[in-house]
């Protein structure tokens, strides 16, 4: 009895220790975010005068106003939404039909081509930056939305692979029924296949949007005009321009602006993302 | 409405495997034909070739007068019911039924009328706005049938449509399919591996084995006169008892029991004797009889199936529910005219006073 009781209390102790450690780690992770949140609403002149507070004494939106006067941050927000949406749509527009073709259409060289698509996943994107940059400059697309959007679309190896799996998991008979119902290949794709892989589309859309939202290096290279920058690339201008006198309040306000939409999107689509990656298949 | 004509139909896959090895079949307008056979016999492939879901390697498929070998499934004037229903999960029941008609640019008012009529006929009107996920198996199967009916096709094709249902529902749906087909009078081709389903539904049965037709006939013809040992062993529940025997001097020797053969048999030597379970009965004293060693009894309620061996070969006897075997050793008698004889080499039926059947039979090795 005694030994059983001590084993039980040992287990509880161990569990408590693990929880304590996890709590400490999450605090460590959350701390910068909380600080950003607090700083974004603390008037700039108070930030460096006071010690850290979880919530400012006098919360104010002045940092957003100041940031907006210094830089076109609302344009940056618009540009971020525009480019991330366009990149996501572009990726879906190519990878959905490609995944469908690899999953359901018999054609010569299908396995080989699919192998090539998969091989692109192991290609480091960084290697393509210089040639792509030269190409962008040559076709006079430098500092345009297209320069930001178009070269970011083709990295879809994983998307094609994932959609192929999703389409393969749909029963053949459903497509045969559709053929008897008078559907050609395109209609089978549009009316039957796509509506049945919506969870997969939702999951990859969010992942693509978040990825595109966070593009930094490429944006720094091809976007020059301040009004055309995205939030991620624009934020750097606070530090660059102001040097030692970095206005931390407006910088944090802009950072908050760059985090919130993605966080919101993730929370909305969390269910699909977890579902998509835990089950490995889509809903039948 | 239209009949179906198959001429020397063949299906060879890319790897050389032959699924259908030259099948010819005439299906009359309005007829209910059931294709039955064990898995891998080619019955589904044959149906899918008629549907246009599988290409034809050789031969002809005609629906009505029209050669349809290369016609798209949608243009063959057929409708198909699948084993797993193949409903569109993202559409409501109404849209599932209406989808094919919309693709054909049928006027909206007519779509509504046809869907309404089919729904009434199948008693699924209350579920029209539901998605398939919210329906039971039986209701889904009705929707699948409805999708076929609204098309008003010349031919219904059924690919094991009841296999996913539980036993009780299967019996109910079987009856409904038969009733519906009678009412609509549409030519139907139905695939199943369930011989009971085949017997109850068919106007004519087509028994397939190894990509070839073993026998075509009405359910009773096939039951009473199986054209081969394979058909004898496949159709009927329990299956016909097949036992190695010998023909000598106009008598049939099973072990050391000699049974009289009623008439002339154009063969002698080793043979396979077939006896239906219900054609065997306990022998009266003094009667010629087979020695039977009882193994176990299967209770079916209305009758009992007594399993055992005769000269070491398995044998099933159907007896009345009231019959109680008194000992493990029994003696069984049969009426000589109930004997079926098959060639041990080809499996072909040997007709008493007629001759070896030459047509339609290629044989499986006969089970020993």
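Glycine too: its Cβ is placed from the backbone N, Cα and C atoms.
Remember, TrEMBL labels are computer predictions, not curated facts.
The stretch that TrEMBL tags with transmembrane segment, taken from the ranges A:177-196, A:197-216, is A:197-216. In TrEMBL, the annotation transmembrane segment applies to A:73-100, one of the ranges A:45-72, A:73-100.
TrEMBL assigns the feature transmembrane segment to one of the listed ranges (A:226-247, A:248-269), namely A:248-269. Counting Cβ pairs closer than 8 Å to the transmembrane segment (A:197-216), the top stretch among A:20-41, A:73-100, A:142-162 is A:73-100.
Same-chain neighbours of the transmembrane segment (A:248-269): 33, 36-37, 39-44, 47-48, 62-64, 66-67, 70-71, 73, 76-77, 80-81, 202-203, 205-206, 209-210, 213-214, 231-232, 234-235, 238-239, counting only residues six or more beyond its ends whose CB sits under 8 Å from a CB of the stretch.
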